[in-house]
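Colleague: Pulled these from Swiss-Prot:
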BINDING   53, 55, 82  Mn(2+) 1 binding site
BINDING   82, 114, 164, 238  Mn(2+) 2 binding site
ACT_SITE  115  active site, proton donor
């Protein structure tokens with residue numbers, strides 16, 4: 001058989017067809033090498049499109065690209081993590097994003113979410129999906145090695161911090177993120193974990209999160225963090241927003257971007273991407289779920305019993 005390369009892999013995965021185990025090994029090695037060169041806070045220039053959780057909703061990811069204006073050959077993208085779990089095409093979703101990273105390394109930034117974790121993916125679907133599709137856990141292990149090298153944050157023109165979850169009482173300055181050791185499984189607590197797990201909420205300062213990891217943080221915390229670090233905005237994902245995006249706090253200095261429409265194929269929400277031009281004024285493009293026969297068939301054929309953690 002003639003060996004195929006990244007261009008052929010991309011054309012295959014665009015059709016929602018999985019790569020071979022050996023191709024996945026090669027792809028993951030290529031992506032790891034690219035990610036090793038990136039900093040914990042990857043600088044990105046405008047114009048850029050920021051995308052929230054995808055959660056294995058492959059056909060909706062294709063709709064996201066259509067909504068945003070195309071693949072990264074023309075547009076800079078930042079994805080805020082949670083590529084896998086819950087949806088039925090986590091493997092194909094993450095494979096597509098990795099193929100795009102290889103083809104357009106400077107045009108797409110992949111931030112780590114709390115689901116890019118060995119522990120979480122063994123509970124919420126990605127581990128089981130890889131086992132079912134390949135007959136072994138080998139490809140899952142390759143992908144988990146990539147997870148360990150995903151960047152923790154991105155910063156747009158030095159003014160908009162992009163992170164999966166939120167802030168940490170252990171992190172006051174951006175430089176404290178830059179010196180974290182990220183090439184590891186997500187810790188159970190501490191600054192690294194908090195970046196992936198925390199949520200903005202109507203609390204005075206800090207409050208223990210009901211998720212069991214990370215913190216709830218209030219408007220005063222966000223305002224002080226942005227002031228100290230010269231930021232205009234924190235863009236994050238991590239929480240389902242029925243309207244696709246949501247500004248938090250009176251200052252509108254934290255925004256949630258959610259990019260998985262009709263989440264879990266049943267929530268009925270719309271999704272959004274956040275476009276940021278040179279003026280640093282965000283605008284949002286809303287899109288709905290694709291009424292896809294593949295998804296309906298998969299939904300009917302899958303056991304939808306998952307553990308209780310939902311958002």
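Glycine residues also receive a Cβ, built from the backbone N, Cα and C atoms like all the rest.
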Colleague: Around the Mn(2+) 2 site formed by 82, 114, 164, 238, list the extra residues of the same chain whose Cβ is within 8 Å of the site's Cβ centroid.
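Modeller: Other same-chain residues near the Mn(2+) 2 site: 53, 80, 81, 113, 115, 165, 196, 197, 237.
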Colleague: Taking each of 114, 115, 164 in turn, which of these recorded positions have a Cα lying within 10 angstroms of the Cα of residue 55 (Mn(2+) 1 binding site)?
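Modeller: Near residue 55 (Mn(2+) 1 binding site) by Cα: 115.
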Colleague: Residues other than 53, 55, 82 within 8 Å, Cβ to Cβ centroid, of the Mn(2+) 1 site?
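Modeller: Going along the sequence, the neighbours come out as 52, 54, 56, 81, 83, 84, 85, 86, 113, 115, 237, 259, 260.
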Colleague: If I restrict to non-local contacts, at least six residues apart, and a C-beta distance under 8 angstroms, what lies near residue 114 (Mn(2+) 2 binding site) in its own chain?
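Modeller: Residue 114 (Mn(2+) 2 binding site) has long-range Cβ partners 81, 82, 120, 164, 165, 186, 196, 197, 213, 238.
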Colleague: Looking at Cβ-Cβ distances, which residues of the chain lie under 8 angstroms from residue 53 (Mn(2+) 1 binding site) while being 6 or more apart from it?
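Modeller: Listed in sequence order: 80, 81, 82, 113, 237, 238, 258, 259, 260.
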Colleague: In three-state terms from DSSP, label residue 53 (Mn(2+) 1 binding site) for me.
Modeller: strand
Colleague: In sequence order, which residues at least six apart in the same chain have a CB under 8 Å from the CB of the residue listed as 'active site, proton donor'?
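Modeller: Once residues fewer than 6 apart are set aside, the residue listed as 'active site, proton donor' is near 55, 81, 82, 83, 84, 85, 121, 124, 126.
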